[in-house]
Amino acid sequence: MNESTSTGPSDHALDLDTLNTFVFERVLSENTSTGSMFLLGTLHGTPAILHVQRTLLPSDTMGETVKSGLESFNVFLDNRPYFSAHALIKRTKGSAPNLQLKVIWPAQEDHIRKYSAQARRMFHETPELYHSVVVPYMDSFPASRLEWVFNILDGKKEAERILYRRSDPEDGFIILPDLKWDETSLNALYLQAVVQKPGIRTLRDLTKNHVPMLKEIRRQAQRVAMEKYGLEKERLRMFIHYQPSYYHFHVHIVNIDHDAAAGMLVGQAHLLDDIISLLELSPDAPAQTILARMTFGYILGMEHKLFPLLKQAVDESA
């Protein structure tokens with residue numbers, strides 16, 4: 001990719017004309033269960049990652065679509081009582097989109113690493129490893145790395161997508177749809193709560209003083225899910241990633257019927273309820289919380305920049 005003659009996103013809108021400039025380089029990864037893939041290439045000569053995924057079928061209209069909304073139907077397997085066929089849905093005014101595209105533009109090397117297919121391994125992060133390896137790693141990031149987060153928190157970007165806002169410098173937060181959700185299928189509901197206060201980078205930074213904020217996040221997430229989407233609180237899974245994808249504290253809020261389980265597995269996801277309980281069981285300050293004293297096991301891909309740092313530290317201590 002030659003960036004010397006490129007023009008960046010600030011010079012162009014993301015539209016069909018821009019997509020027509022896409023120069024494909026390679027497939028970074030694909031998921032056959034979700035029908036999605038990450039493509040690496042350039043837009044207007046600038047590195048870009050396109051996440052292309054088929055949208056979920058709308059369950060409320062699919063019965064009628066199968067009955068009278070197909071423009072073609074070709075059976076390729078007849079072994080009664082089992083049949084298989086290919087079909088095309090008629091395109092009409094108001095039809096649901098076929099694809100959901102997410103674009104990272106300009107794409108940095110970290111983005112390319114993150115979305116590339118890669119081998120993974122388990123690490124056990126002691127408090128000592130956290131302070132000697134992980135904290136310096138987090139400290140190495142420039143403030144601009146989180147500019148997109150504060151643009152949302154400050155109302156400069158995505159203001160129309162905010163479902164709830166509590167403005168308070170200490171315990172404020174917002175709730176909005178996660179970009180992983182296409183906002184059409186209730187089963188795939190995926191929201192995110194992002195705290196307002198900087199400096200809470202991971203769950204290790206949480207203290208007993210944060211318990212009221214965490215409980216309010218839980219309460220407001222349940223209220224938003226019920227009032228806006230008709231989803232009862234018992235059908236929500238709320239969790240925190242460690243390691244997170246970005247180092248500003250946030251909570252994932254997902255329909256329990258969501259079947260894309262990669263980010264909800266043991267070794268990354270920690271239930272919000274459990275985190276609250278561990279903080280409540282922790283001693284009062286200035287003593288360290290249980291979270292600060294725990295050893296956390298988690299999985300990292302080999303392309304993650306933290307991977308070689310942890311591996312070297314673990315190997316040297318063996």
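Cβ atoms are placed via backbone N, Cα and C, with glycine included.
Marked as active site, nucleophile by TrEMBL: His250. What TrEMBL lists as substrate binding site is Trp148, Glu158, Asp178, Lys180, 241-252.
Everything TrEMBL records as a feature, shown here on the structure.
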residue	record	Cβ within 10 Å
Trp148	substrate binding site	12
Asp178	substrate binding site	14
His241	substrate binding site	18
Gln243	substrate binding site	19
Ser245	substrate binding site	9
Tyr247	substrate binding site	19
Phe249	substrate binding site	25
His250	active site, nucleophile	21
Val251	substrate binding site	22
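Under the three-state DSSP scheme, Trp148 (substrate binding site) falls in the helix class. Reduced to three states, the DSSP call for Gln243 (substrate binding site) is coil. According to DSSP, Asp178 (substrate binding site) is assigned to coil rather than to any helix or strand.
A straight line from the CA of His250 (active site, nucleophile) to the CA of His241 (substrate binding site) spans 8 Å.
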